[in-house]
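Read through the structure below, which is laid out as structure tokens, and then see the notes.
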Amino acid sequence: MFDVNLFDELRIGLATAEDIRRWSKGEVKKPETINYRTLKPEKDGLFCERIFGPTRDWECACGKYKRVRYKGIICERCGVEVTKSKVRRERMGHIELAAPVTHIWYFKGVPSRLGYLLDLAPKDLERIIYFAANIITSVDEEARHNDQSTLEAEMLLEKKDVEDDVEAEIAERAAKLEQDLAELEAAGAKADARRKVQNAADKEMQHIRERGEREVARLDEIWNTFIKLAPKQMIIDETIYEELVDRYEDYFTGGMGAEAIQTLIRNFDLEAEAEELKEIINNGKGQKKMRALKRLKVVAAFLRSGNDPAGMVLDAIPVIPPELRPMVQLDGGRFATSDLNDLYRRVINRNNRLKRMIDLGAPEIIVNNEKRMLQESVDALFDNGRRGRPVTGPGNRPLKSLSDLLKGKQGRFRQNLLGKRVDYSGRSVIIVGPQLKLHECGLPKLMALELFKPFVMKRLVENDYAQNIKSAKRMVERQRPEVWDVLEEAISEHPVMLNRAPTLHRLGIQAFEPKLVEGKAIQLHPLACEAFNADFDGDQMAVHLPLSAEAQAEARVLMLASNNILSPASGKPLAMPRLDMVTGLYYLTMDKGEDEIGGEGRYQPATEDRPEQGVYSSYAEAIMARDRGVLGLQAPIKVRISHLRPPSDIEAEQFPDGWQKGQAWLAETTLGRIMFNDLLPWNYPYLEGVMVRKGGAGNKMLLGDVINDLAAKYPMITVAQVLDKMKDAGFYWATRSGVTITMHDVLVLPNKTEVLESYEKEAERIERKYWEQGALTERERYDRLVELWKDATDTVGNAVEEMYPDDNPIPMIVKSGAAGNMRQIWTLAGMKGMVVNSKGDYITRPIKTSFREGLSVLEYFNNSHGSRKGLADTALRTADSGYLTRRLVDVAQDVIVREEDCGTRQGVRVPLGIEVAPGSYDLHELWETSASGRVVANDVKDENGEVIAEAGTDLTEELSRTIVNAGVLEIKVRSVLTCQTPAGVCAKCYGKSMASGQLVDIGEAVGIVAAQSIGEPGTQLTMRTFHQGGVGGDITGGLPRVQELFEARNPKNRAPIASVDGTVSLSDEGNFWTLTITPDDGSDNVVYEKLSKRQGLAQVRRPMESNPDAMIERSLRDGDHVSTGDRLMRGAPDPHDVLEVLGRRGVEKHLIDEVQAVYRAQGVAIHDKHIEIIIRQMLRRGTVIDAGTTDLLPGNLIDLSEAKQVNAAQVAEGGQPAQLRSEIMGITKASLATESWLSAASFQETTRVLTDAAINKRSDQLIGLKENVIIGKLIPAGTGISRYRNISVKPTEAARNAAYSIPTYGDSIYGDDGFGEFTGASVPLEEDYTF
């Protein structure tokens, strides 16, 4: 086998018959496969050993030569080469066709390449190929011109002969008539009889005359056709063509079928045709010019690539190796065979029959019919079903052709090349492993033994437990006791990778240190669940084993769970306490103000009678008080603390030089909060507040913010240790808090019936107005009832909320953010409220009961509509979201960080801060998703002109606050949208990696990270289109809206946008508006006609007439002023319009804002840079308007960076540069237009992409990831980029000793908190290790 690393590009082209014969090891002449008795391949058949190689290693077919010593010998008896049977996967054969056939891809594909080349309509081409019409292939015009007068004279003579014959025949008939009449008269016949004879004779003479005229007309037609005969002329009438051949075969050639096409192609002058087409393009217009452009594309492709167009017509077809179309014996003695064998057999059968008929000299009509059948059988082999009805096998199933083997999810590309099943893997159900550290997982003993079998066997032999590998294998299979000890050794410090399907983002596969566990289930760390989106209700996970030292090192350094705490999409922590852990930490840090034990130990200020109570000299004393039973966790106390850093305000006040460990300070806190702070690093400022997961206000603190802050200030290993401590503490205190839910914890509102009475009356009033008085429309009734019952639900819900005491477990679970929300408590204890039907509209009767009371039958029925719709929606959404992710990955897969800095000074402006009060500033609400993690593009100066931030500085939160406090609210930052790196992006334009908080590494596959970050939350987005109540129809939202934006589609309710600044005037045209903008600059008015009133005019913010300081939202009116790019109607603008009016930057901003609006509505945080990467790919190409003196074709799409280089070269040579128009392409179109044909073919429309690539002889430079995965090369990302290849690292002795000296944390009340012998820290190397 050849080495994939030996080449840097892959080219595809058209194979000629010579190429096919050169690849082939022999001709397949018989349709036989294998002998049913001997089960040996038939000679010259589809499995022939002489052609394809031996079926058994080192053995010829007849058995004369056996064993490897005869390697390379060709047996003189059977003709089989003695070699490995593996060659049957590589060796090809061929079938010599008795008549040429066209390749169906090139004639039937859209557009028809053969049709464009020969300037024939596909319909005509089909007639010729399938023997329904003749075509003239060449005309000897000179000979025809020279002999024309002679031939004409001959034709006139022939016509005269015909006329003379007719006259003679008529005269003869007239004479016979005379004779007949005379005889009748002599016999005394009546006048009637004479008239009959006369009429019959007249009729007959008329027929003779007409026949003569027809014959003359036919001769005229033949002559006129011959005189005008030109190449590529089609003659459908078979008789005329035969006459032409009989009379004038020396002056022209013609024919039907692929032979005629082949002759035309061989006579075709590509260069002359190209010149002619260029002439038409330069001077022509309209349809003619468009067709010439399309034809020139095909002609130029053949000229440029050097492909021989004759390759589109085949004289021989290849037969793929037999191992790729196997035939296997089933249990019952029958055979299962690949469909290809059936298709090949049809071809061979028809080909052999055609040969026989030609040899026998069969009539032409029979031969042509056989040729047509041969053409059809080759079509079926190449692409079954492309033309006409597909060839079917048993059970009416269409047979899978060569094209079908490549296409679709089950095709070669997606099934076997982009995703393979691998060895050293297993899968099992997952269960929770609360005792594990973050970097560990529990691996069942049996599974581990099977996975690590080779390693265990090797060690058994090394440690002298077994003599050889065979006995070691037996020991492992019998599970001897010593095997387990050796297994422990084998798995130590050998990470495994866990994966849960669907792998929606890169954290769906992470590395863990295995720990052996009993049972058969994999144990997963509770904090890793969020990233995997795993729960323990029967989920399964797959285990993979990294084998090589490099793979293990990467798994450990890059993929270990404790190194992947932050989300690559937003930079927020994913490994965060949740559910029970949150409840535990909430319980631990609550401040009851009252002591749950008895009150003696809590803090009480001094009174006249007694001194201060509840003041402790140390944390230890407070714990002792708790052990004695006088102090509760949540009681307020005062305590002297010296082992934890004070909060920043106390530190600033009491320790102006900075606090040192051991210095004491007095804290007013609770014992639980000290315990919580004990979990954090000792030098982290003391946190005084209740820990919650969401809804942090007042003295509540968000756990996420704490972990975010830790991740920013401490190394990952410290954060991982803290998270593990939090997990242990969370579970420990959740257990001890006794928080559970029982039915009795659900308190029912006692006065609900009275509360609902008034609403019932109001509902009756609305119904009466509609039914009896007719005072309301159907829509008004619906809106009022919905509003009324929503208000009722809120009233009941709020009453329920107030009724619950703080220590009730249900509000505790909700308020801590562990699970659920208040709305769910309302449905449990208040009322369910309004529910939707299957269309998504509200049912106007609410569900008045709660789940605690139970629903009535009707209520249950009403409720089931919405529930079912929810389930159906989720299923559809999952599929749609997966497809969106796939398209995003495909469009961005080749965006990799290629260099440190592209050197551009360009950037985009982002909002940094807002003025909250005069002179007081704060960070902008969108700072986290737009400005954070960027690099400053230009020097930022304050109002005095002093530089606050230099260009190239990382924009941290601290620096952002400094800039904002200086009054600078918007700055220019580097962005991938303005990056000048040709293929990929540079690190400075990308900024920080959200997952690490550091500047992104060179080689990072940021395109795929972006696609996953956008696609992964896709399932959370809704499928609903939002109703606008009356006007304007529906607004598309959720997932459909995101798809609409990324596909750059014309939106459903398209809103026109103002193309100039100016004043609006409206004129009413019945159902439509006509809107005119009078531009401010005095240019011509811009008129927008037929604007639907149903859609409604755009909403604008304008000052109130009564109070100009206040702003209101109202519809656009006569006399309003609009700016360029403003919407004129409700709905969404078309991205193509935005690009035209506002330019490239305008459409970039529009798309980012619109996509973010959808995700923010669902509470999903995604950084703008991910969306920017996709948009950059959508805007990468432009259309050539004027080619100048370049070789580009007008109307062609071309990469803008490539066009830049071409233009620069032209200008340097003194030529005219090409002019381009920016284009916005949807992600599907952009994926298919990629430079890499391998990537495009594996995405969609495989046959079309391959057809196009072959004609253009496209070379794949193997720049992206997909193309390298397909051919099995190391991907050019991460550690696979060229700069990291062939590195050898040898650690020094000191480095070896220091390899795992790692900080561990001391014991605490939660048991051993040491991180185990391995924690995931990377090996420190000496300074001189430069890569």
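Including glycine, each Cβ sits where the backbone N, Cα and C put it.
Summarising the annotation, Swiss-Prot assigns Zn(2+) 1 binding site to CYS60, CYS62, CYS75, CYS78. The Mg(2+) binding site annotation in Swiss-Prot covers ASP535, ASP537, ASP539 and is backed by sequence analysis. Residues or ranges marked as Zn(2+) 2 binding site in Swiss-Prot (evidence: sequence analysis): CYS902, CYS979, CYS986, CYS989.
Feature map: Swiss-Prot annotations on the structure.
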residue: CYS60; record: Zn(2+) 1 binding site; DSSP class: coil
residue: CYS75; record: Zn(2+) 1 binding site; DSSP class: coil
residue: ASP535; record: Mg(2+) binding site; DSSP class: coil
residue: CYS902; record: Zn(2+) 2 binding site; DSSP class: coil
residue: CYS986; record: Zn(2+) 2 binding site; DSSP class: strand
CYS62 (Zn(2+) 1 binding site) versus binding-site residues ASP535, ASP537, ASP539, CYS986, CYS989 - nearest by Cα: ASP539
Spatial separation of CYS902 (Zn(2+) 2 binding site) from ASP535 (Mg(2+) binding site) - C-alpha basis, Å: 44
Winner by Cβ contact number (other Cβ atoms within 10 Å) across the binding-site residues ASP535, ASP537, ASP539: ASP539
Among CYS902, CYS986, CYS989, the one of these binding-site residues whose Cβ has the fewest neighbouring Cβ atoms within 10 Å: CYS902
Densest Cβ neighbourhood among CYS60, CYS62, CYS75, CYS979 (binding-site residues), 10 Å radius: CYS979
Chain-internal residues near CYS78 (Zn(2+) 1 binding site), provided their CB is under 8 angstroms and they sit 6+ positions away: GLU49, ARG50, CYS60, ALA61, CYS62, LYS64
Nearest of the binding-site residues (ASP537, CYS979, CYS986, CYS989) to CYS75 (Zn(2+) 1 binding site) - Cα to Cα: CYS986
Any further residue of that chain within 8 Å (Cβ to the Cβ centroid of ASP535, ASP537, ASP539) of the recorded Mg(2+) site: ILE430, ALA534, PHE536, GLY538
Integer Å distance between the CA atoms belonging to CYS986 (Zn(2+) 2 binding site) and ASP537 (Mg(2+) binding site): 44
Integer Å distance between the CA atoms belonging to ASP539 (Mg(2+) binding site) and CYS902 (Zn(2+) 2 binding site): 46
Cβ-centroid neighbours of Zn(2+) 2 site CYS902, CYS979, CYS986, CYS989, 8 Å, sequence order: GLU899, ASP901, THR904, ARG974, VAL976, THR978, GLN980, THR981, VAL985, ALA987, LYS988, TYR990
Between ASP539 (Mg(2+) binding site) and CYS979 (Zn(2+) 2 binding site): CA-CA distance (Å): 43
Rounded to the nearest Å - Cα separation of CYS989 (Zn(2+) 2 binding site) and ASP539 (Mg(2+) binding site): 40
Cβ-based neighbourhood (8 Å from the centroid) of the Zn(2+) 1 site, residues CYS60, CYS62, CYS75, CYS78 excluded: ALA61, GLY63, LYS64, TYR65, GLU76, ARG77, GLY79, VAL80
DSSP-derived structure type at CYS979 (Zn(2+) 2 binding site), helix or strand or else coil: coil
Distance from CYS986 (Zn(2+) 2 binding site) back to ASP539 (Mg(2+) binding site), taken between C-alpha atoms, in Å: 40
